[in-house]
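Quick look at what Swiss-Prot lists:
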- Asp85: active site (ACT_SITE)
- 67-409: domain 'Peptidase A1' (DOMAIN)
- Asn136: N-linked glycosylation site (CARBOHYD)
- Asn157: N-linked glycosylation site (CARBOHYD)
- Asn250: N-linked glycosylation site (CARBOHYD)
- Asn289: N-linked glycosylation site (CARBOHYD)
- Asn295: N-linked glycosylation site (CARBOHYD)
- Asn354: N-linked glycosylation site (CARBOHYD)
- Asn414: N-linked glycosylation site (CARBOHYD)
- Asn418: N-linked glycosylation site (CARBOHYD)
- Asn460: N-linked glycosylation site (CARBOHYD)
- Asn484: N-linked glycosylation site (CARBOHYD)
- 1-17: signal peptide (SIGNAL)
- 18-500: topological domain 'Extracellular' (TOPO_DOM)
- 501-521: transmembrane segment (TRANSMEM)
Amino acid sequence: MRIWILIFFSFIKLVSSLQYTGNGVLALDFVAKTFPNQENQLEKRDYTYSPSGITSFPLDLQSYTYYTTTLSIGRPSISYTVAIDLDMPYTWLTYYNVMAFNPAYLGIVNSGTQWSTDELRYFLCKKESDSCYFGNASSSFHFVTSPSTFFIRYDDNITVAGINVQDSLSYSHYQALPDFQFGITLKEYVPSSMLPYKGVLGLAASTEINSIDYSDSISSFSPPTFLEQLVKEDILAYPAFSMYLDNQGNGSLLLGAVDTSKYQGQFVALKQTKLTHYAVSIYSVQFLNSTFFSNYSIITDAYFQTRETYIYLPAELAYSVMDNAGAYLSEGYFALNCDEIDLEAALIFQFGCNSTIKVPISLLVIGQVSNICLLGIRPSTDSEIVLGLLFFRNAYTFYHQSQKMIAIGQAFYNATSNLSAIVDQHIPGALTCSQYPTSVASTQLVQTSHFTSTSLSAVNISESVVYSYTSSSSMPSSAIPSFNISLISQNAVANAGNSFSPLSAMVIMMMSAVFLGLGII
């Protein structure tokens, strides 16, 4: 009999405003506001102030699922919510009349149920104050013709298809990037167990994504990234940014600068081990508490991902570390009795040149059932380590795309700021590390411990349940469904008093016509 675990998440809204501080620095600050719990709580995976030259954008921590910020787009500008994504280079917004589709006809195999069209529109677009992209009467809106479409499939199986457009991106209330290129997503495939995105702000380095033509033929192209476009317009000097999140859900995304007040101890710049992913070498994972210390030597790649909630460790390592912590296992979740958590207990991640990030076990608690605390450490069948949001709450990270370097430091929860703009290839305050793995074979696990480990015990938690969203919709394998152009036009005119105009209807009709011609709708 399957035992379900109920995980209680708080829903946190972060209010943001993009501020330009001059000469290439932009900044986004977080202000945390707590909202009632969502009816549906979703799990990402089952294993799974200011010198000149700085720019900033605000971010939101959504239910321990992902960070969001707002982009002000169009003339007049409208604010749209987007998830921060370190793994994808392209930025896109969901269209207000988004439709669900099944990409199986493209040879993409999916199983299980998915979010329906009605569910996507209700969840993503129902709030007028935080709606989806309307294709409204923006005087700066125009289509991109080569290529005209984009198609993205994420590693969690979320799949989106849409058109490439340009519009004005505003910041500091009066300045703008006039021809900001991004995508408008018209079709989405979202598994029922996943949380759909209202949009994505891609912060990965430039890499190819797909386009799909009228005959469903998929090709590739390299879209201009968000950071590349800011550099091209001399808003930033270099494609570089940093991220900080404290233990209360507040934080900032800082473009073109390092905030030296947000870390303590060493700030070490590590060479990326992957060209198209933010990954570095990790040398060991250590566990310590008030009575003992254990070290696990394992040289492998560690990926920084904001679209992941948990910290994923190779299975053997995950079980060994959690065993040392005294955790037990139930339905794939590691757990501890809440009243027995050692406040001195922590995981320490060691990177190159002995740089370390300490993550207290108490900050790994993702939910509680009675006296049982569930932990955000997940075993994975992969040999790599994935560092999700629970890691970012303890680390200040900086990414220099030109140098292919990632600098890390232990997060220091400080309300002040001390910004240093990036004016060359140098990372202010950082020690450059040139260490490369030599002593231990890749992914080999070697334990040194001050005590004898015991086996993990599996227990049954009879009073607990998993609250999992399940859609009743399972779309058949077919081509992306067509829009009803006539109905869209009627809706646009009927809603003219709510941000629509005759031009809105015309723009939407043009978008639909373009997609019909391309075979996308």
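Cβ from N, Cα, C; glycine included.
All features noted in Swiss-Prot, drawn onto the structure.
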residue: Asp85; record: active site; Cβ contacts under 8 Å, 6 or more apart: Val200, Leu201, Gly202, Leu203, Ala204, Thr306, Arg307
residue: Asn157; record: N-linked glycosylation site; Cβ contacts under 8 Å, 6 or more apart: Asn110, Tyr189, Pro191, Met194
residue: Asn289; record: N-linked glycosylation site; Cβ contacts under 8 Å, 6 or more apart: Ala325, Asp342, Glu344, Ala345, Ala346, Ile361
residue: Asn354; record: N-linked glycosylation site; Cβ contacts under 8 Å, 6 or more apart: none
residue: Asn414; record: N-linked glycosylation site; Cβ contacts under 8 Å, 6 or more apart: Ser261, Lys262
residue: Asn418; record: N-linked glycosylation site; Cβ contacts under 8 Å, 6 or more apart: Asp259, Thr260, Ser261
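There are 17 other Cβ atoms within 10 Å of the Cβ belonging to Asn295 (N-linked glycosylation site). In the three-state DSSP classification, Asn354 (N-linked glycosylation site) falls within a helix.
Confidence across the topological domain 'Extracellular' (18-500), taken as the mean pLDDT and rounded to a whole number, stands at 79.
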